[in-house]
Amino acid sequence: MPDTLPQPPEVDRDLALDHGLTDDEYDEILDRLGRTPTFTELGIYSVMWSEHCSYKNSTALLKTLPTEGDQLLAEVGEENAGLVDVGDGKAVAFKIESHNHPSAVEPYEGAATGVGGIHRDIFTMGARPICALDSLRFGSLEESRVRYLFDGVVRGIGDYGNSFGVPTVGGEVYFEDAYEGNPLVNAMSVGVVDTDQTARAAAETPGHHVILVGAATGRDGIHGATFASAEIDEDSEEDRPSVQVGDPFTEKLLLEATLEAIREGVVGSIQDMGAAGITSSAFEMSASGGTGMDLHLDRVPTRETGMTPYEIMLSESQERMLVVCEPGDEEALAEIYGKWDLNAQRIGTVTDTGRVRAYWDDEEVATLDPAHVAGDDVPVYERDTERPAYLEETRAFNTDDVPDLAPAEVEDTLTTLLGSPNIASKRWVHEQYDTMVRTNTVVGPGASDAAVVRLKGTGKGLAVKTDCNGRYVYLNPRRGAQIAVAEAARNVTCAGGTPVALTNCCNFGNPHNPEAYWAFAKAVEGMGDAGRALDTPVTGGNVSLYNEHPEGAIFPTPTIGMLGVVDDIDTQPTAAALQNEGDALFLLTPRDWCHPERTDGSEYLSTVHDRTAGDAPHLDLDEEVAVQSATQALIREGLVQHAHDVSDGGLAVCLAESVIHSDGLGLEATLPAADRLDAALFGEAQSRVVVSVRPDDALALDAALTDHNGVRARRLGAVTTGPLRLTVGDEPVLDASPAALTAPYEAALPDAVT
C-alpha cells in the first residue's frame, strides 16, 4: 500500500454520470451531503445506488409478494438468505442469485464466482451448504458464440462446485433466440443449520470490533455491481476486469473456518462480501443494526501494490467476509482463521455515530449515513408501464392457424421434440457436476421431477427445484409467472415433497422501457398470486434487470427456486421413471377439467412450426392446489410407484420420458378422442400429473381421492415391457420402442455442442 494517497480525480457531474448515476441522483447526493462527495464517496454511492445493490427499480414491486409464514425464521432482506424451520431442530437456508452479465463476457469465471457467491450467502447464515442447483438460458446452439458461452458456464459451475465439495443436484437449461446475446446464469444454494446456531448480519453493538476475514483484496471486480446494472452491448467485452476471479479451494477453507467460528460463539454478526465488497458489507450491516462503523483501509490485507481507498472499498475480490465480534474475541477469530491459512484482520470498530467513516492513515476519505446508502432512505422508483405492442400479434394466434397432425406423423413429431435441446436429456451437463459428494443425494438430476437430498439425523429430506418457462412469461407475464411457481411446486410434489417456501430470481429487461417494466410488474403479481395460493411464501432472492442486448430484451424470466420437505426419506421419494410391469397408469387432473387443448406457447409450436404465439397455457390456481394436494396424499399413503408432471412437450413427452428413464419398460395408453391430435398430445395445459400404481392399488387410489373432491384419476392404461403405444379415441397413433425414443433424447445435446 502507498504511504501517502495519490491525488484522486476531481468529482463533478460528468464523473458522476460516468459512474452510472443519473443527474437527479447526483443532485440528491449533493443535497444530502451539503457538499461535493469525495472520490471514494462517489464510488460508494455509484455501486450502492446501482440497481444490482439497491433494487431501486424493484423494491416497490417486491414488497407486494407474500413473505410471511409460520416456518420462516428470517424476514425478507433481514439476513443473507431465507431461513425456514423444517422441524427436528433444523433450519434450511436457501437462496438463488444471478450472475448474468459477468457470464456474458467471461463465462467460466462469471459462472464460477456466481456459485461461490451464493454458497457464501448460505454459510454466512451458519448453515452448511448441502446442495446446489442452477437455471441457465442461452441462445441457439447453432451459433458458435453460444456454444462457447454454454461450455464455459457449465465448466465454471462444475469446476467450482466440484472443488468446493457441494453436489449440484439439479437445475434446468433452455435455449431460445431471445437469450442470444444475454445468457442467464442463476445459481441456487441450499444449506442446513441447527436452529440455535444461526448467525445474523446486523451490527448492533457499538464498541464491537470489525474483522475482515478470508482472502486478500485485489483489484478484480471493481464496479462489478455497476456493470451488472447496465445493458450488454458490443463494448461489454471490455468489461472483463469487472468480472471477479474465484478460488473454490480458498472458499472451502473459508467455509470451515466460518462455521467453526460461529460454533465457538466468537461471531457477533457476519456478512458476505459480494457485490461492492467492503462497501456493501459495512453499510448494510450498519444500516440493519442502526449503528455506524469506523474503517481503517490501510489495515486491509491486499494482494496488489498501490491500491487506493477507492479501489479497496469497491473491490469485489472473492472469498472474503466481514465479521463483527466482541472486544477480546478477535484473538480467537485470528487463531481459527489462521489455522485455515486465512486472514482475520481487524480493520475497524462499530460506532454509535450513525456514520460509516473510512480512513487512510487517520485521514478521513469518506463519511456517509448508512441509511442513505444502503437503508430505507435509498432512492426507490416506480417506472412507467405500457402493455407490450407485440401482444396484439401473439394473442391473435389460433391453434387452427397451423395444420393438425396426421396419426402417421406422431412418432416423427415426438422424436423431434425429444431431440429439442429444451426437452432432451441434460446428461452432458450433469456429468460435469459431482452430484453425489457428501452422500446426502437421494435422487439426483433427471431421475425425478425434483432433486431429493437427505437431512441427516432426522429421517427427513428436502426436495428442491428451479423452474421457469420464459416463453410463457413472454406471452402472458402474470400467468407465466404463476405457472413458474406452480410447476416448481408441482415438481417438488411429484418427487415426494411438500412445498414450503420459495426464492426467486427476477431476470428482466431495462426498467426504463415501459413495456419491459410492465412485464416485470405483471410477473411479480403472478408470483404473488401463486405463492399465496400454494402457501409458499417468498423468502428472498435476487433481481437482475437490464438483461438486453443489441437485438432486444430477453424473455422475461422470473426463475423460481422451490423448497419442499420430504417427511419420510425412506418411503416418500418418488421417481419419474416407470417402476413395474403391470402397474396401472392414471392421469390426475382437476375433476371438472374440460379446458380446450391448445398448442399456445408450447415447445411443439416453437420447434415444429417455428412460432412463439398465443397465450400462456391454461392454469387455474385452485385446481392446481387440489391436484398437488391429492398427489401428496397418494404418495404419503404409499400408493404411487412413479409420478411425472405434464409440462414442456405435453402429455406425449411426459409419457415418453417416463419410458426413457425406466429400465426397459414401456406402456400402453388410450386417450379420449380429440378435436386436434397435436393439442391432445403436445398441448401444455397445467395441473396434470401422470402416476402409476400397483394393479391391486387401483381401487385404493379411487378411494383416497374421495377426500379430494376437486381431483379425478383418469385411467390411461398400463406399464408393459414393450413399446410406447398410444391410442387416441379408437385410432392407434404411436408404436415406438424405448430405444427409438431414447436415441434422440440422449444424443441431442452432445451432438449440438460438438
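Yeah, the Cβs are placed from backbone N, Cα and C, and that goes for glycine too.
Quick caveat, the model's predicted, so the values are computed rather than measured.
Site annotation for substrate in Swiss-Prot covers SER98, HIS99, ASN100, HIS101, ARG120, GLU316, SER317, GLN318, SER544, and the matching candidate from GLN197, GLN244, GLN628 is GLN244. Site annotation (Swiss-Prot, ligand ATP) includes TYR55, ASN504, GLY541; from LYS90, LYS95, LYS465, LYS522, the additional listed residue is LYS95. Straight-line distance linking the Cα atoms of GLU316 (substrate binding site) and ASP272 (Mg(2+) 2 binding site), rounded to a whole number, equals 11 Å. Cα-Cα distances to GLY541 (ATP binding site) place GLU97, SER98 within 10 Å, out of the recorded positions HIS52, GLU97, SER98, HIS99, ASP121. With ASN504 (ATP binding site) as the anchor, the candidate recorded positions are SER98, HIS99, ASP272, ASN542, and the one with the nearest CA is ASN542.
Each residue contributes its Cα atom, and for SER98 (substrate binding site) and ASP121 (Mg(2+) 2 binding site) these two points are 13 Å apart. For the recorded positions HIS52, ARG120, ASP121, ASP272, GLN318, a Cα to Cα distance of within 10 angstroms from ASN542 (Mg(2+) 1 binding site) holds for HIS52. Here GLN318 (substrate binding site) is compared against the recorded positions LYS95, HIS99, ASP272, and the shortest C-alpha distance is to ASP272. In sequence order, LEU62, ILE96, GLU97, THR503, CYS505, CYS506, VAL538, GLY540, ASN542, VAL543 are the same-chain residues whose CB sits within 8 A of the CB centroid of TYR55, LYS95, ASN504, GLY541, the residues recorded for ATP being left out. Take the binding-site residues ASN100, ASN504: by the count of other Cβ atoms within 10 Å of each Cβ, the lowest one is ASN100.
Annotation: no recorded positions among HIS52, HIS99, ASN100 have CA atoms within 10 angstroms of the CA of ASP121 (Mg(2+) 2 binding site).
In this structure, the CA atom of ASN100 (substrate binding site) is 16 Å away from the CA atom of TYR55 (ATP binding site).
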